[in-house]
Amino acid sequence: MAPVLHFYVRPSGHEGAASGRVFRRLQEKLPTLQSVETELCYNVHWAAETLPWAEEMKKLMWLFGCPLVRDDVAQEPWLVPGSNDLLLEVGPRLNFSTPASTNIVSVCQAAGLRAVDRVETTRRYRLSFTDHPTAEMEAISLAALHDRMTEQHYPDPIQSFSPQSIPAPLKGSIDILAEGRPALEKANQELGLALDSWDLDFYTKRFQELQRNPSTVEVFDLAQSNSEHSRHWFFKGQLHVDGKKLAHSLFESIMSTQASSNPNNVLKFCDNSSAIQGKKVKFLRPEDSTRPSCFQQQQGLRHVVFTAETHNFPTGVAPFSGATTGTGGRIRDVQCTGRGAHVVAGTAGYCFGNLHIPDYNLPWEDPSFQYPGNFARPLEVAIEASNGASDYGNKFGEPVLAGFARSLGLQLPDGQRREWIKPIMFSGGIGSMEAKHVGKKPPEPGMEVVKVGGPVYRIGVGGGAASSVQVQGDNTSDLDFGAVQRGDPEMEQKMNRVIRACVEAPGGNPICSLHDQGAGGNGNVLKELSDPEGAIIYTSRFQLGDPTLNALEIWGAEYQESNALLLRPSDRDFLSRASARERCPACFVGTITGDKRIVLVDDRECLVGKTGQGDAPLTPPTPVDLDLDWVLGKMPQKEFFLQRKPPVLQPLALPPELSVRQALNRVLRLPAVASKRYLTNKVDRSVGGLVAQQQCVGPLQTPLADVAVVALSHQECIGAATALGEQPVKSLLDPKAAARLAVSEALTNLVFALVTDLRDVKCSGNWMWAAKLPGEGAALADACEAMVAVMAALGVAVDGGKDSLSMAARVGTETVQAPGSLVISAYAVCPDITATVTPDLKHPGGKGHLLYVPLSPGQHRLGGTALAQCFSQLGEHPPDLDLPENLVRAFHITQGLLKECRLCSGHDVSDGGLVTCLLEMAFAGNCGIEVDVPAPGIHALPVLFAEEPGLVLEVQEADVAGVRQRYESAGLRCLELGHTGEAGPQAMARISVNKAVVVEEPVGELRALWEETSFQLDLLQAEPRCVIEEKQGLKERTGPSYYLPPTFPVASVPCKPGGPVPRVAILREEGSNGDREMADAFHLAGFEVWDVTMQDLCSGAIRLDTFRGVAFVGGFSYADVLGSAKGWAAAVTFNPQAREELGRFRRRPDTFSLGVCNGCQLLALLGWVGSDPSEEQAEPGQDSQPTQPGLLLRHNLSGRFESRWATVRVEPGPALMLRGMEGSVLPVWSAHGEGYMAFSSPELQAKIEAKGLVPLHWADDDGNPTEQYPLNPNGSPGGIAGICSQDGRHLALMPHPERAVRLWQWAWRPSPFDVLPTSPWLQLFINARNWTQEDSC
């Protein structure tokens, strides 16, 4: 048996702060705990017959250790327990290979360590107590130190990764012919198939008619393919409500909305995503995506793609993993639209129960509520689910630009408890596709069936059926665990590149059809792909991550990061070359047959004769052999008989002396209302360079934007907008009103981006409801009817969506239902992505005037509002969109004012009511307000806290009369409420109702209240001292001051530059994700830009002799599993071809390089920057030993990924790319998890600074270098943000200037920067081009 080698690593630097967080968490439960120490253990499966030789051991030690610390890796543990110590080791369950292992193995392969085939990382803790620890203390410690769903305790070091050596035998066929339905009932129970009584009868009868018994695999397959999750029986079924048969199914009703909207859908209800008619745009693409080649500018018609789905059950069981795979699955839905689409950006939403944050009292949360052991607690969901979705997007390279977060746990007047025990994890995605790739081609006999993506693992077996269980918790916990998946964004990124290579293929896209793998695994996706022609599939042709998988697991596992496609045999070579270049597996698993059947052949068990002497081969088994029409064809409608169950209503009873200020003390802290900074700061909001509007606005980057806007190309101001609407708490009172409000909220958010026309707006409708429990199915039907009616009145339509109809969980003997929820994602084409208005007030000092346009004028209903929830009630009558025509008129007028640039800011009235809307605009603008709301005869509380839909606008004084007249002439009310006040820390909010002052308080104090819940959550997910520093800073800050010195050069590129155009290689590695925006920046500056991969360099496919520049791009090479850019550095250092090529390039005096983010981390590891300037820099020698760097980029001091619109100051120095920019103070995107500049010694740092080799510093609001968080997002000493070589040719930066070369990419532009003709950051790239033209080069 091959050995498992152990490498123990002690933490160094501030990463040891993790021990402090563990200590704080444990000491609450274990007061005698004295200290916590940690170490990591890399458990390496060494598959060679002999142990590593000396050179291989050196490589392993370098990979696992810290380059700045000698002897921090050992093969014996550093931590040894004493008599009062507990030594605990925890790590991943071994039934699957983790994504971290996959990436570490890839790094080892790149370093030439071919014998490494699995590496799992465990964490070891030494807990020291005052006395000898008890077994109970050990149990408490273990529970706190690991996630029992995905991890386990290791009492002893791992000795083997192989639980068994051969596939587990399959059970025999299900004997329906002899036993009838009971045989199927038994299989249903044992396999967790979630078949209901109708299913059991139907399949028993079908197999009796066929006169054969189904195999175990076939029964499993049918359960997944025909589960509620996959078939949507309820929405397509025949519904009877209170004895009355509905004329149409819900699905038919939803489709009918298309009749009242413009016919601009190019895809609807028929593909992995929907799509609407786009615009012609110019864009860059490589000349040949299978080899290194030059980017060329092209033009074509690009459509807008949108999809949305939820991943609720897996997220409830294992929040981080469930959310990663929910995000990954939705990304694949975008990828697989038509014959391949471009992923652009995502949206995210979370609904969870009462948080019960330790030592933070939210008085509406009932402390007596119990929670089940088989679901994660709401607090864990809020933090870990958002961590999972954020981490996946960050590593894949998809920005998240909009979302929602909502909490509810409430006892209704009838005694029922409603709470999101089973949470909602919502993921939406917007993308683009070429018009010529809209239609999938039908399968034809002889076509190749191909799986692209990760290998098969025993992951997510039965997820489609498991998520369809009527009440979660009725399945066994083992089966629930088996249905949870794990995400590998690195693999998905590689797979995305293969699909993009096909989409951009010079000879035309070879993909004929494409589908993503999700619920039901291979069984579902390969049937869908081959329908109706049929296919034969061979188990031996799949790449297995685990050789012990049996046929059922190969066929049914929902392992992630896998797509299936069809192509003609003549295109096989193209796909093989593209996948090899991107290092992504592509398995040709079968062919289209034309016999209308799906057949799985388990040919792994086909032996060549028993004696090996040429006996006739055994017939391989066929675990699946089904008629496709029988499985996928039109099935009989299921019938559902539903009864309405009117809610028990109770008038809202607020404390009699409740003041507006006291109400705000609660409402501003409710998660649905409060700041979402804890979500936005940890997710990349700029990657890809196509983001025109993300969540954060104003000088303090407050997360309040109503709409997300993206470009269809870097080179155009044409794009798309999307906005969300959801009001589930109101559904507990009136499902119809809740549906109307969801639609209206999506549109009052979308209205602040300029779109082509209201009737062009299309929507994804996602339904999360416990529809099969008493009263809930009828409530959903009512909500659907209301949504259809209001959309017809508005002229918008649904073109896609998903449903999740088992939104209930068992808590003891009680069934706890979640509120019925409809999430509307509206999207449309933007003819001008720069014509967007944000909520932040922009004209302080009385120059901004505030107008209010109520859409249900005269109404002030409080039912289901944030105010009611904050007093543990619902009330009776919810807000509503009484007059849809008001919204139509308001939408058109607001859009016209956007075109005319007459609106300065705008925000919709929603959760928290009018007072929250006004205060949020003040918070975002860091600006005071003075307003008076006229509402004669109405008490201040309903006036201010009712959530009736409406708009609040800021206009300048000269436009007040004209804007009011526009709305009022259309029959709408438009009230002038007041004006802005002073800006900065002294800003005051003075709010009156009917001339009586109800709020008079500093904006900063109210904002601190609104931010408090977010900061409490942040304290649990980031380094507390950083959180406290940011909290304090918000109270004192005025906002950044940008500066361009008079000597700053005017950015200009000759249209036809003389002489040869200089070449720059955009160099990327596995996991890089910042290459396209980097290519755009250099192209804009006049370079000939080439797409080059590390695989190209390592294979000798290209040489760098003709290139003047190399850009090392941002991202997560190898997911940064062994430290930032460590894997990339290993590939450069240990591959002779790459080492020689880059070494020769560096030695040439006529070359330059730019390393950004991951590229910056790489240049530091390679020693291109950060080395001792007084010593001649050595390069890796022929013995391929790594350079000893002087600088290492370590984890941010906050302990998490940081996404910020930060400020930097450009310093004098030799950096050629920053010439003429010295003295500038500029904003720039920053997005990284490991940006802390750790020098080998303070002396080295001082030398580097003295030589002027630090050309960029993080700057405070006064433009001075800073270490203050988050102005310095990573905590680097002295505020260092960039570093260059002595000769200035090599520049390494942690921020992303390539994401800010176009002004529409900027997150905030104060005057006078709002009228600049070009972005100052373009000059950085122009400087590089100008340098290449100098005679000295």
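Any Cβ shown, glycine's included, is placed from N, Cα and C.
Since this is a predicted model, take the numbers as computed values, not measurements.
Here Swiss-Prot has Asp706, Glu745, Asn749 binding Mg(2+), and the candidate from Asp546, Asp571, Asp882, Asp908 in that same listed site is Asp908. Relative to Cys1157 (active site, nucleophile), the recorded positions with Cα atoms inside 10 Å are His1296, the candidates having been Gly328, Ile331, Ala402, His1296, Glu1298. Under a cutoff of 8 A between CB atoms, and with a sequence separation of 6+ in the same chain, the neighbours of His1296 (active site) are Ser686, Gly1074, Glu1077, Gly1114, Val1156, Cys1157, Val1228, Trp1229, Ser1230, Ala1231. Closest to Asp908 (Mg(2+) binding site) in space, going by CA atoms and restricting to the recorded positions Thr325, Gly328, Ile331, Glu1298, is Ile331. Spatial neighbours are here defined as Cα atoms within 10 angstroms of one another, and by that definition the neighbours of Asp706 (Mg(2+) binding site) among the recorded positions Gly322, Ala402, Thr619, Thr622 are Ala402. Taking the C-alpha positions, the distance from Thr619 (phosphothreonine) to Ile331 (ATP binding site) comes to 40 Å.
Of the listed modified residues, namely Ser215, Thr619, Thr622, the sparsest CB environment within 10 A is found at Thr619.
Within 10 Å of Ala705 (ATP binding site), judged by CA to CA distance, lie the following recorded positions from the set Ser215, Thr622, Glu745, Asn749, Glu1298: Asn749.
For the recorded site, Thr325 (ATP binding site), the DSSP three-state label reads helix.
Within 10 Å of the Cβ of Thr325 (ATP binding site) there are 33 other Cβ atoms, across all protein chains. Considering only the recorded positions Ser215, Gly322, Gly328, Glu745, Asn749, the residue whose Cα is spatially closest to the Cα of Glu1298 (active site) is Gly328.
Glu745 (Mg(2+) binding site) and Ser215 (phosphoserine) have their C-alpha atoms 50 Å apart, to the nearest angstrom. Ranked by CA distance from Ile331 (ATP binding site), the recorded positions Ser215, Thr622, Asn749 have Asn749 at the top as the closest.
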